């Protein structure tokens, strides 16, 4: 099968630059497609005339959350399917499902069709877990993990910058570009079709690139013999694999049972009666890491949801009955937002993306090497509540200090958030008991994350509404800080990985040998696993 056939063996000692680049291309189209709806979700719902106009924000939230909700229900299924049929087919099917979702939303004439389109995209998309699995299988050397695991969040940040730009610029083109698009034409009847078609085109490009150039990474679908491209073959070449016999002997004389000759076809019936001990997926460490990932995803999503609301919300006078002075500032005199214009908020969000890219590309690899993966995880988990506690104090700053304060808060948040996510992915890979269940575990983690992303926006929005009524909008930020504090306590339940690799814990002998191929690699491995 072309989708799962890998043309050659990849050198495990080399950093998989080309394959990670191709995987990044496939990954980039997805956040662009998913976030392009953010700028026009509110006017799209208002166009459908659902309930009162004041309810439009609620239905817009449902429209955005529908994808994550559906994704949370099927993420583990797609991960398990990728363990059986391969990563590449499931990945391409996820991109195809997202294309179908966007086209349905673009042609929607009512809220229910739009919700169905978003839900279909979530049901058919398990790419978050599958991509994490592919990165884990491409990277076999621990010293490569920090750099590799920072690439996908880096790409996601680029997509979340480009996606809203496409959605906002090309939405309702008959009004924005009346000389090019007629109000009586297709894009006049469906004003939000054009950005969806553009994003679908990007997804189509990623599908083509992935189909022809991306390798299958499933361990059971790798080539068994590595021969040079210049190897001579003729009619006299034996059918049974005898070339390169020193590297891959037909019989392993060290084994208790000789087994079968490599290249023969009788392995199926010989292994039919072999009882394979099922791998235990839900170990204490795996569960603890997935819980930590869910907590992090929840409070991180509340930040993303509250930030533009807080920046754009009008300033209002606080209620004196809540006054409690701390350091010259009244911590309960934090009513309303900062009253910043939409245009300036767009600039702030773009700069926020640039900060995130810098942290991912430069700071994360250095921090992972300096602290070690486990220590870095503990550190960012303990410090994470600070990112939420400092946000309400921005309303108390003098006008000339507000911009500087915003970027300082965003820098603190990105330092903690961007470092936390790839660290959690590395810990999850290390905790996986066998590569045969890596896809299923990453699918479960993706489902847990999607479920938390579904719940976070309405809860944070509800707390902000309550805060606006009582004159204390900081309650929403402190609610997120409370969840982050729970995460800081829970992080200690994630035990440190074993420093000594036992026969039961190692995935396979080849992986173990590659990791101990040099003293430098061993030292780096022990450092990263601290």
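Using N, Cα and C of the backbone, Cβ positions are placed for all residues, glycine too.
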Labelled transmembrane segment by TrEMBL, one stretch among 1-19, 20-38. Can you tell me which?
20-38
Find the average pLDDT over the domain 'Major facilitator superfamily (MFS) profile' (19-499) in the predicted model and report it.
77
So, does the transmembrane segment (148-170) come close enough to the transmembrane segment (190-214) to give 3+ Cβ pairs below 8 Å, pairs being at least 6 apart in sequence?
yes
Which listed stretch (58-78, 148-170, 376-397, 404-428) has the most C-beta pairs under 8 A with the transmembrane segment (20-38)?
148-170
When you check the transmembrane segment (404-428) against the transmembrane segment (148-170), do you get at least 3 Cβ pairs under 8 Å, counting only pairs 6 or more apart in sequence?
yes
Leading contact stretch, 90-109, 148-170, 376-397, 475-494 vs the transmembrane segment (347-370) - CB distance under 8 Å:
148-170
